[in-house]
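Pulled the feature table from TrEMBL, pasting it below:
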- 130-223: domain 'Glycosyl hydrolases family 2 sugar binding' (DOMAIN)
- 239-352: domain 'Glycoside hydrolase family 2 immunoglobulin-like beta-sandwich' (DOMAIN)
- 360-509: domain 'Glycoside hydrolase family 2 catalytic' (DOMAIN)
- 692-751: domain 'DUF4982' (DOMAIN)
- 764-866: domain 'Glycoside hydrolase family 2' (DOMAIN)
- 1-30: signal peptide (SIGNAL)
Amino acid sequence: MALPRWRTQSSRRVLSLGLLLLTIIACTSAQATRERISINAGWRFSRFTTNPDQLSYDTLKSWILPSANDFITRTKYKRPSGTPPGSDVQYVQDSFDDSTWDAVDVPHDWAIKGPFGAPGISGGEGKLPYNGVGWYRRKITVEAADVAAKRNLYLDVGGAMSYASVWLNGVLVGGWPYGYNGFRLDLTPYAKAGDNILAIRLENAPNSSRWYPGAGLYRNVWLIKVSPVHVAQYGTKITTPSVSAQKATVAVSVTLENNSNNTEQVDLVTEIFELDPATRKAVGDAKAKISRVSVDVAGGAEKTVNSTVDVPNPKLWGPPPKQTPNEYVAISTLYVSGNKTIDTYETPFGIRTIIYDANKGLVVNGIGEYVKGVCNHHDLGSLGSAFNVRAAERQLQTLQEMGTNGLRTSHNMPASELLDLTDRLGVMVMGETFDTWKRQKVANDYHLLFDDWHEADMRAYVRRERNHPSIVAWSIGNEVPDQQYAEGGTYAKELQDVANEEDGTRQSTSGLNSADPNKAISNVLEIIGLNYQGEGHGTDTSSTYPNFHSKFPNKMLWTTESASTVSTRGTYIFPVTPNITAVVSSSAGENTTAKYVSSYELYSPSWASSPDKVFVQQDKFPYAAGEFVWTGWDYLGEPTPFDSASRSSYFGIIDLAGFKKDRFWLYQARWRPDIAQAHILPHWTWPSSRVGQVTPVHVFTSGDEAELFVNGKSAGRKKLAQSQYRVRWDNVTYQPGDLKVVAYKGGAKWAEDSRRTVGAPAKLNVTADRTTIRNDGYDLSFVTVAVVDDKGDVVPEASNGVAFSISGPGEIVSTDNGDPTDMTAFPSTSRKAFSGLALAVVRSKKAAAGSITVSAASGGLASGQVVVQAG
Ligand code: GAL
């Protein structure tokens, strides 16, 4: 049974099915075709804050480097002879009793449960205990028939943070140090029929990241069983060299690997089907078929088969709303002895063209697609770095609602499944790899690995993800200090060359922060990526766009990072700057006691600016291809400007819990001008001390004019002048009552919004983003509690304590409220509301169907509940 690599939600069911199947097969004969078996369930785990085993990357390194061999072009590493290190460590032994260790399923982030305030871990790293050594153990069962048939057994790890080293039956197999990259290890030589003990050691040094990196086996883990002759790891490459309405020429390259000692003759057939976005399965009849070719693959060698085929009337992949993200899947089947299938390999892909135009920007299928992108880190808020498809989908869907069409996976490779989502949803991705090269930013970052691993990390990543239509560019680095030096150009060329060797259909970029057209790196990069440099820092409006555009008239350029506006949802701090941007400080935008930043959305650190200023500058340089805003969602760590006090960022347009900050509507107004909307800030429920005080009212709208009414009286109708992105009434005096705005477009009424002075908290309103979820043990419902007054309006500054409870086949995994200063551990079922809202993340239980009731209670308030169906 071939399991497509993108089917992750059902992986636990797949595990039990897989085991069942294996058991059945054991009684008969070895499975002939590829099996991809989830081994996410059933691990034992322990974390040690002091090294429990005397091992280290340095002692293991010469045994781990050969794991890179498939991804380096220089001389391959030889596995050292003799007994590999670690065989005497008790945790790798079958006899070790791990029953007192934690029973965990992966994806697992050992640090996310907290507590906050981990010794030696800064606010920049999220204050969570990600450091230390972690051991994971699990039994895997191998059927005698598989051994007899000499089937190959691989371990595929989607990502392990970090310095993974893997033992099977007490023998060190290999490993992969960079925690963001996926890797495969060949377990075949060390496996035996029956039970095998798999042990994985991870080690995270503190001070290894500028944000919260997460910790553990935090992505999916698979066992792959294949015949000795099979499609190699990441062994397909599909491109669409020519596309018209009538037909697309699809080039398919399939690399076969033969791990037997003899030359084998195999037949290869590849068929192309449409991919159903909902089921992720091939639908209908084949749209094209590459006729059978017979191939001799020498023992111990690889062979690549290149073919082209035409797909008639292709349905193209492109980003909405202008285009539709249609997908195809190529199914390659290997036969021996006539019609005996020995391998089936599925490659989802898309048909599209891309032009990187120095004046028009990105042109996808002939259509200009200005990049309205965001940067995101990999964590999923209170779920930490443990990858979850639904949590990632929620992030992307909320961003798309804002008009986002681009994502930068800052500053590293994401889970592969995230790219399946961006393919399906139609989000254009800048696939980033590194935050540092050879020169460090923090003491234990990637610079320690660069020399040995950068080629393998880059090559493995591009080979793995090159068939995703959503990837529109590779990013080889972010603000790497090496950019200043001549060798920055050398490294850039090397990394970019790797991308071209493995792919060759996308251009590469890098986020430059001391961008200079005369630096070696600028000469090398195919796309110039500017971090903040295109819009000028702080209040300064100088731009480096023109310098680059004149020096490199044929290179596309874009803003790889913009804005870095900081704010705390629902928090307004006075006085408000009269300018369109201001550098945040104790006298501008900050509440230094509470550690909050004003949500007037005008404040940023000195290197950055408000969205308004970015827009003004962008409008001056229409040849630039667009931007990636720092950031779409808040993330764990880097809580500028309160770096030592808080636990999560202030940069997000959407807070850590997924609640929208005011900025959401500012971006939506610019990015989705077709959506009729107007959005007023601030709230209008202030204590008596504000009565009579100047309280500016700002409105974000996709209209071009707006009239504000304060307690029924017009405060003036104003047109948005050129280079204005908000309508502002800066002299409004606060009196309790109501605000109403009527927005116009082209003179006609377009949208309205209102605020009123609300009453005291009266009850909890409980709602779920989805009231039906799959009972697969992965699917989530995000449950929001709003503290409302007796009329049902959210009480804007409510901070009532909320106690969550649950009954039925589900569990509360975590809670949050988006407050970057809240040090309540994420698994806590008690959480204060922040700016009127709190969140519980509810997960289904595997194979348990029924009604899940999530209740929220708070002293003195009417409680609320919501029912979610799992099935
Ligand atoms: C950039 C950097 C990002 C983040 C951001 C905060 O310079 O590339 O990783 O630190 O600043 O403004």
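Glycine residues also receive a Cβ, built from the backbone N, Cα and C atoms like all the rest.
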Using DSSP, what's the helix, strand and coil tally for the domain 'Glycoside hydrolase family 2' (764-866)?
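Computed counts for the domain 'Glycoside hydrolase family 2' (764-866) are 0 helix, 55 strand, 48 coil.
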Kindly report the helix/strand/coil residue split of the domain 'DUF4982' (692-751) according to DSSP, in that order.
0 helix, 35 strand, 25 coil
With pairs restricted to those 6 or more apart in sequence, evaluate whether the domain 'Glycoside hydrolase family 2' (764-866) and the domain 'Glycosyl hydrolases family 2 sugar binding' (130-223) have 3+ C-beta pairs under 8 Å.
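Since fewer than 3 Cβ pairs under 8 Å link them, the domain 'Glycoside hydrolase family 2' (764-866) and the domain 'Glycosyl hydrolases family 2 sugar binding' (130-223) do not come into contact.
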For the domain 'Glycoside hydrolase family 2 catalytic' (360-509), how many residues does DSSP put in helix, in strand and in coil?
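For that range the per-state counts are 67 helix, 32 strand, 51 coil.
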Quick one: DSSP breakdown of the domain 'Glycosyl hydrolases family 2 sugar binding' (130-223) into helix, strand and coil?
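Here the numbers are 8 helix, 48 strand, 38 coil.
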With helix taken as DSSP H, G or I, strand as E or B and everything else coil, how many residues of the domain 'Glycoside hydrolase family 2 immunoglobulin-like beta-sandwich' (239-352) land in each class?
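Counting residues per DSSP class in the domain 'Glycoside hydrolase family 2 immunoglobulin-like beta-sandwich' (239-352), I get 0 helix, 77 strand, 37 coil.
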